[in-house]
Amino acid sequence: MRWGFWFAIATLITICYAAKPLDVKIAATFNAPSFSALIAESLYQEKKEGFIWYLNHLSDLLDAENTTEKELYINVVNSLKREYVLSDEELSSLQFSLGLFSGAPKLQAFSSIVQSRSCDCDTWLQLDEESQVCFSDLPKDSPLFSKLYSKNPLDYEVVKTSATGIPYAVVVTSFERDLIPFHELYYKLALEGKCNYVIRYSPPSSSKLNSKLYVKGFGTHVSLKRTDYLVVDDREFPREKGDNPASFTSSRNKRSNERLFGMTSDSLQTVTPDKIAILDLLATQSIASSTDMLTAFRELTQDFPIYAHYLSIQPDVSNDLIEELNQFQSQYVPEGINTIWLNGLSLDLEETDAFSILSLIKKEKDMFDRFEALGIKSSKVLDIVTNEAFANEDSDFKFVKFHCQDDIEDWKAIHWVNEIESNPKYDNWPKSIQILLKPIYPGQLHMLGKQLHTVIYPIFPSSPSSLPLLSELIQFSRRPSPVQTGMVCAANDDDEFAQTVCKSFFYISKESGTDSALKFLYKCLNSDSSADLYSLLEEHLPLSEHDDDTLANLKKDLSSSFFDHYMSKSNSWVNRLGIDSSASEVIVNGRIISHDENYDRSMYGIFLEDIPEVQIAVAEGKISEDDNLLDFILRDASLTRNPLVYPSAKSSIKSIDIKRVLENVGSLNHEDILLIGSSNAKYSFWLVADFNEKEGLEILSLLADLLSENKDANLMLIQEGKNHVVPPLFAKLLSSPKRSSKHLQEILNSSLDPSSGVVNDMDKALKFLKKSKAVVKELGLTGECKSALLLNGRMICSFSVDSLNTADLKMLMQMEYDNYLSKLSNIAGSSRRLKNSRAISFLSSYLKTLESTPMSTSSPTKEEKLFPRDFIYNKLGVGNATFETDDFSKAYYQFVAVLDPLSKDSQKWSAILEAVSKLNGVGVRIHFNPKQTLSELPLTRFYRYSISAEPEFDALGHLEESYVEFDNLPADTLLTMDIEARDAWTVMQKDVDIDLFNIKLEHTSEAEALDSHTAIYELKNILVQGYSQEEFRKSPPRGMQLKLGNLTNSHVTDTIVLSNLGYFQLKANPGVWTLEPMDGRSSQFYEILSLNKKNSYKDPQVIVDSFEGVTLNPVMRRKPGFESADIMDEDLSSHKFFDKIKKSLSFFNFKRKEASINIFSVASGHLYERFLYIMTKSVIEHTDKKVKFWFIENFLSPSFKSSIPAIAKKYNFEYEYITYNWPHWLRKQEEKQREIWGYKILFLDVLFPLELHKVIYVDADQIVRADLQELMDMDLHGAPYGYTPMCDSREEMEGFRFWKKGYWKKFLRGLKYHISALYVVDLDRFRKMGAGDLLRRQYQLLSADPNSLSNLDQDLPNHLQHLIPIYSLPQDWLWCETWCSDESLKTAKTIDLCQNPLTKEKKLDRARRQVSEWTSYDNEIASVLQTASSQSDKEFEEKDNNSSPDEL
């Protein structure tokens, strides 16, 4: 985007007074909790001991009824310091949490489980669902306990005993003084073991504490607006009656007298082009020379537009700085690139916010605590997790090469589909391997006419997971590619159907070619097993073989030894490589990887990993032109694979922190457990099995033999939980003082029948069984994984002596040594503790759990884990262009940022880094990385971010309302404002006194009072989001419906699962929710197997208890009989499918008559809202049918939402607001207008309830002159939507018709280019064909180029006409003066006020001149609004007059 207009504005405005400040707030839908409760919650999250300390000291901390929040805060902080309850780092984390009000959602969530108050106190004992008892009503002689208790994840478990049958005391409180006697009573009883003591929160009854909660953790920006077309309303809009946000005045609402460069005016002044080029360098130099670099950084970047001129007249950049930057940018990070690490973890600059930083700090603190428990000092922790030995590889998991060629199977297993060296379409590709030495663009593959990159797809006809593999193989085969693809068709010996399919595939391939064979196989996999296989077979054979005799002989031939031989070779290949028919695995250059959401990245990563190895060999002459390149890659590959040892996906590996398990069961020193071998061993095996059974003893025998050969290994025996009989093995081991591997072998070689082992000490034996049960519970061994083998924390489930042998166990030990033990021994150096073998085994175990712990759960496409970490940040030097806090190297939490100071990332992160730098234990280092040459102004917006390192209070000691303030905005300049909030927030305008889309602030002088304009937004929802997939197919359950319910209503809201990543979003708010398949086809087809891919779906509860929202990863299992069915595959012409669904939708649980005409539209800014009123009037004017309007709520102003009811009532139409949060995985649009265009086209499948079959989009600035029922009834001839083609009858505009020349002319190839101002959508057809998914995929691809999709909402559907057909509406459905002749206006059914690039006429002027009825409509609407406003004034005055003094 070019900002030449900015210079024009700056030239005109040479003297400009200061503008009134603009304050921005976001209000939650729920009230603020009591501050005492917020402290309690934050302490509970920080450290449970701190929470209990707070309860014990409430009487001292709340020393008076009127203790202010500030006094309470100071008392708590000082007491925590004085009594060393929290470390300095924990105390800062607590203060940060309080400053963000991060505990408020958790406290609000209690409202979903706490019964309504029925007593006259703020703290009570909950006896049962209805009965509540105040302390004064408790009997003095014997305490009461709760009669019913249902455990809830929200509960504060103050004291929980392990004994059974102990009653519960459930105390509900606001954490004020009346909790004190309850706590003193029940805490004492709980410590005596007489009860379990649980606390729940309920807000206080005192109205003074029920204040509105204004949240933090969001950004907002005010941008200079493009003025190519003026879109400002020329009327003053009416304000709502009630509180006037313009009256908001703050103690902070004072202009600072100390500004950068000594600036005194908020004016935009010119910057010459030669100075623009070096602005980034000048900014770096100015910040570096400041005495307070962090503050200067934030002020300069956030208010850059007013500082640009002053920056440009600073002294020239020093040569020393340029030289330093040249060295940094050439060695480490290219110029202008932004990146931030926290202790080596790479942060997502866009997604990371204040709340996620708080969460990360807590995770880091937990990590430091665990390392400390392992005997490692905090100063050494970062040396381990960022050590280069770990950082360069995926420690416990790397793709091992296996011999995937089928020479061992006599070349009869693999069927090559895309055989590069023999396929004629590759004849023109270079055959010389020297081509590999030529440079190509990063990420590309050389177009070599030889087999190098190879992908082999195992296809099992009876497995649903094979269908997406086969689909991908077919797609690969349709286009030339440097990747050779093949497949192996395999089937179990007892699977007659699959065997016949594979044999038929071999036959068709031989007789009719690969294409026919693939089509046959696809149809077989895409139909159910009852399909007529031989009819499909006949369909794909040459016509000459369609006679009855040939087909009869064919059935016999398929049973012959010839095809049996091929089948056996295929199955032999699959078994040798350990391919599981249900695992959806693919072989890439010998590596066996999972076909999951990371498949593409893994595949290309393998290709790019192999290329350098081959290139070096070619350059050194180690490979000749005649050598097979794949053989070279596989020269050291293993012949066989055990998938238990080498799984195809890291996500399949489960890791356990074995030290934590031992701590939790009270056996850190091996109390009451059976340990074979030395307790001080590097290799710690745990075996969970039923030692009363032969299979458990057989695997134990293998391990005993292994231990006898390796003195550095020990073995812990754990009896499987289901059998409570003392195994004879245990009896013999318990009766002997020996616990060696030799003694174990002797026992195993002796008789182990039940009578052979006499238990001398039954109590001891029962303790062993009890301890085993506790360990099994800690390990989470349920369902399919009841037995397990662990080695230093890595867990293998579901094994036997047939699936795991001695060689496999030795390989596990070798992998453990290579990937962990050897590296940890080297890192340990002089650490005495790490020289202890047991400590190293514990540490290895813990590192594995870090490897499987995601840094964030918000995205399935980002696999960043807590370990290993990037070590490069340790190598970045410190120079003149670097800021660093004191004692950075000693900090627990080291933030290292590489930032271009004049970038949008810096506007946000300058505030965040400044705030976190105030926390104890936090170190901040910033390497400024400017672009050395700029061609345009880098920033054209003002920015603020709401964050504070601790709570802030006003002069009276009350918590100050959270807001951000723009106090440097230029007056009389057209601006536009927007909010940057995390993707889990649904934020809407609530109370605003200006047009935020077209801001023009009035100027004031310094002497004038500076009461602020205030924009109040509302946090309407916190989302539950997810990325779902089917259990075996690993593909999204597209079209599945999910419902979200609560404890009182099982169906509150619902949604559809998208094909894009299996994504879904559901609008929620803090509370306890349930997630289930929608009643109907979804519940018939699917059950939810798990909510997070690993844990079983025992409880459908979803807890929304933080501002971060909830991100799930559900796995769906198809129910029997629906394995191959398509949930969307039903006759949609009669709407049967959607008629079934709509009956269960939450939106339509009541009967209502559906409107005949459904119209949706979007508007932003008061002018377009004015147009929108008039559009609705024009629609109603030309129809007698029932009309309903659907308005996209995201962009509407509060004034519109307060006025539209009067319009709807006057003209008798219905309306409803719709919205959908832009998913964070879908590339966002930074300009608001382009975001609006995105909403017009990208979410049509999820914006509307499923009951809606058809909808018409009408631009807000359009005038309708026809009955839109005609458009609703129009046959779209199978297309999902209909658009009007662009007019070409106005000849003088021919030069502007871009679709008739260049790219579009070539692309369209005779197809029409359509305008998006009006279109009709068949929503049923749209959803059925997955049009929304296709549009979003193509958008994601094209939007990567910022110069594409100039008219997003219009270009995208036109670009996809070959996949999503457009029905061309008759030309008279849309007339636009810019493109259409004056003569055609006579028959126009709608008139669009589209822009004219020649005249750039204002919208209002054009409307009044061009549309004869527009002014009368406008006046009539104005009259309706005036009447409604007068009525509102009257009602407000009556209410005001009737109010009591207290209410006022």
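FYI, residue positions are counted from 1 along the chain as it appears here.
Every residue, even glycine, has its Cβ placed from backbone N, Cα and C.
Swiss-Prot marks one residue of N66, N1442 with the annotation N-linked glycosylation site, and that residue is N66.
Sequence-distant contacts of N880 (N-linked glycosylation site), defined as residues of its own chain at least six apart whose C-beta falls under 8 angstroms from its C-beta, comprise A288, D320, L321, E324.
When the glycosylation sites N66, N749 are scored by other C-beta atoms within 10 Å, N749 scores highest. Sequence-distant contacts (6 or more apart, same chain, Cβ under 8 Å) of N1046 (N-linked glycosylation site) comprise S112, V1052, G1071, V1072, W1073, T1074.
Across the fold, the C-alpha of N749 (N-linked glycosylation site) and the C-alpha of N66 (N-linked glycosylation site) stand 77 Å from each other.
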